[in-house]
Amino acid sequence: MATPGLGVLLAFGLPMLPSGWSLTAPDPFTNSTTQPPGDESNGGLSSGAIVAITVVFSILGVLLIAVGLFLLMRKLREKRQTEGTYRPSSEEQVGARAPPPPNLKLPPEERLI
């Protein structure tokens, strides 16, 4: 099943493809030889474009790793809170060491009717 993002990518990406990538059949009566790439050829990407693409994908990769680490840390903290051992004896010992509060009033005496 295709995701909705794939449709958007195809809708906007296909018109941007170079015309040289079209699926039309070549004309058999024309010369289809190409010149070897040289300094004057404009067919490849410039070094500035390559640097820009590298920088963009590097930033996206770093952001993806940062988001992944953030989600991993959040999941580990959640797991640490929900899983563990319960030791009531240690809580009882801590409560026994605390002195009783001063001026503790007794509850009212219950009487029979």
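One is the number of the first residue shown, and numbering goes on along the chain from there.
Cβ atoms are placed via backbone N, Cα and C, with glycine included.
Looking at 10-13, 22-25, 94-97, 110-113, the range annotated in Swiss-Prot as motif 'PDZ-binding' turns out to be 110-113. In terms of DSSP helix, strand and coil, the motif 'PDZ-binding' (110-113) has 0 helix, 0 strand, 4 coil.
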